[in-house]
C-alpha cells in the first residue's frame with residue numbers, strides 16, 4: 001500500500017492537470033493524451049482549409065472582387081493566420097497553458113465562422129447578384145460598407161483563431177511525452193509524424209467533400225460544415241482533459257530575449273571583469289527571474305546545461321551578464337543568456353526552410369494552371385484542376401505511416417542511434433527533395449510546351465494531348481519534401497528550444513510557411529520586372545500559359561533552392577545538439 005501511495009503521489013515536475021493540480025506520472029501524459037490532439041487536428045485543419053482552398057472563388061463570384069484582389073485577399077488571410085501562430089505560441093509560453101490557448105482560439109475561430117455562415121446564408125448581407133449575360137453593361141457591385149466590415153471581421157476572427165490553434169496545439173501534444181526517456185522521445189517523434197498525417201487527412205476531406213459542397217450546394221453549407229467541425233473539436237479536446245499534463249508558463253520569452261540583447265549592447269562599452277561578474281551572478285542568493293514551480297531547477301538545468309559559466313559560442317551575448325549593468329532592470333542571469341543563445345542558433349535553420357515554402361506556393365498557382373491546359377480526363381471522369389492539391393495530400397497520408405513504421409526502424413538499425421534520422425537530416429532531405437521537384441517541374445513544362453508546339457496549339461486554349469498526371473511527379477516530390485521538413489522542423493524547434501520558449505519556437509514552422517508564400521509573390525514580381533526590362537516581355541505574364549517562360553522560372557527556383565540547400569548545410573554542420581540522443 002505504501003508503494004502504491006508513493007506511485008500515486010509521484011508528479012511531473014513543472015506540469016499541472018486541467019484543474020491546476022500537480023500532474024501525476026501514472027495518470028497524465030503519454031500517447032493516450034496525445035491521441036485526442038491528433039483527432040482535433042483533423043477537424044481543425046478541415047475547418048480552416050475547407051474555406052482557404054476555395055475562398056478566392058467566394059470572393060470573386062459572391063463578393064465581386066476582381067481576380068487579383070481576390071487572390072491578394074486570400075493570400076493576406078492565409079499569411080496572417082500563419083503569422084499569428086507566433087502570437088499563439090508566445091501566449092502559451094508567457095501567460096496561459098497551451099490547453100487554455102487552444103480552447104480560447106477554437107472559440108474565436110468558431111465565432112468567426114458563425115459570422116461568415118450567417119453572411120453567406122443571408123442575401124441581404126451580400127452584394128446583389130449580377131448577371132453579365134442579361135445585363136452586360138451593368139457592373140457588378142463589389143462588397144462595401146457594413147457588408148465588407150462583416151466579411152473581414154469574420155475572416156480575421158478565423159485567422160486569429162487559426163493562429164492561436166497552430167501556435168498551441170502541436171506543443172500541447174508534444175509536451176505529453178517524457179523526454180527524459182528514450183521511449184518518450186521516440187513516441188514524441190511518432191506524434192509529430194502523425195500530426196502532419198492528421199493535418200493532411202483534414203486537408204483531404206476539405207479539398208474534396210467540403211469544396212464540392214461549396215460549389216454545388218452553396219457556400220452557407222460549406223461554412224456550416226467548417227463551423228460544425230471546429231465546434232465538434234472543442235468537446236473532443238475537452239474529453240482528453242483528465243489525461244493531459246500542461247506545462248506551466250515560465251514568463252514572457254520575448255521579454256527575456258529582448259532583455260539579453262539590449263543588455264549585451266549597452267554593456268558592450270563598459271569596462272569590467274567578466275569572470276568576476278559571472279561569479280557575482282552565480283553566487284547571488286536569489287535568482288534574477290522568478291522560477292519556482294513553473295521552471296524547476298532540475299528542468300532548467302536539463303534545458304540549458306550548466307548555468308554557472310556561459311558557453312564560448314556567441315560570446316558577444318556574454319556581455320549581458322554583469323555585476324554593474326547599465327540599468328538594474330537589465331540584469332541578466334547566465335541561464336537567460338544561454339537560453340537566448342539556443343534561440344539564436346535555431347533561427348538560421350528556420351530561415352533555410354522559407355525557400356522550400358516558396359516552392360510549395362507554386363503548387364496552388366502555376367502547377368494548377370499547367371494542369372488546366374492539359375488533358376484532365378481519367379477515363380470518363382474529368383478532374384477539375386483545382387482538385388490537384390489532393391496529390392501532395394495523398395502522398396503525405398501514404399508516406400507518413402511508411403516513414404514511421406518502416407524507414408525510421410530501418411534507419412535505427414543501420415545507424416545504431418535512437419532517432420535513426422536526426423531532425424536536421426530530416427529537414428535536409430526535405431530541402432533536397434524540393435530541388436528535385438523544381439527540376440522535374442521544369443522538365444515537365446518543357447515537355448508540355450513541346451507537345452503544344454507539335455500539336456500546333458501554342459496560341460490555343462484547348463486542352464493539350466498530354467495527361468495531367470505528368471504534373472503529379474512534382475507534387476510527389478514537393479509533398480514528400482513538405483512531410484520531411486515540416487515534421488522535422490516542428491520536432492527540432494520543440495526539442496531544442498528552452499522549455500520556457502517551446503511554443504513560440506514551434507510556431508516558427510508556421511511563420512516559415514507564411515513568409516514563404518509572401519516571398520513567392522515577391523520573387524514572381526521581381527522576375528517579371530527584370531525580364532520585362534531585359535527582353536521587353538516578362539517571363540510570367542499574359543493570358544496564355546503557353547507563351548510563358550515557366551520552365552525558366554522553375555530552373556531559377558531550382559538554382560535558388562540549391563543555393564539555399566548549401567546555405568542550410570553550412571549551418572546544419574555547425575549546429576550541435578544540446579544532448580546526445582544515442583540509444584544505449
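Just so it is clear, glycine is given a Cβ too, placed from its N, Cα and C backbone atoms.
Automatic, uncurated: that is what TrEMBL annotation is.
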Transmembrane segment per TrEMBL - which of 1-23, 70-92: 70-92
Among ranges 126-145, 146-165, whichever one TrEMBL labels transmembrane segment: 146-165
Dominant neighbour of the transmembrane segment (346-366) in 70-92, 191-213, 386-406, 553-571, by Cβ pairs under 8 Å: 553-571
Dominant neighbour of the transmembrane segment (29-50) in 70-92, 99-118, 191-213, 386-406, by Cβ pairs under 8 Å: 191-213
For the transmembrane segment (70-92), distant same-chain residues with Cβ under 8 A (at least six beyond the ends): 48, 52, 55-57, 59-60, 63, 98, 101, 105, 155-156, 158-160, 162-168, 171-172, 249, 252-254, 503-508, 510-511, 513-514, 517-518, 521
Cβ-based contact of the transmembrane segment (427-446) with the transmembrane segment (510-533), 3 or more pairs under 8 Å: no
Residue numbers, six or more beyond the limits of the transmembrane segment (386-406), whose CB comes under 8 Å of its CB atoms: 53-54, 189-190, 193-194, 196-197, 200-201, 203-204, 207-208, 211, 363-364, 367-368, 371, 468, 471-472, 475-476, 478-480, 482-483, 487
Long-range Cβ neighbours of the transmembrane segment (146-165) (under 8 Å; 6 or more residues past either end): 44, 48, 51, 63, 77, 80-88, 91, 101-102, 104-116, 119, 125-127, 230, 510
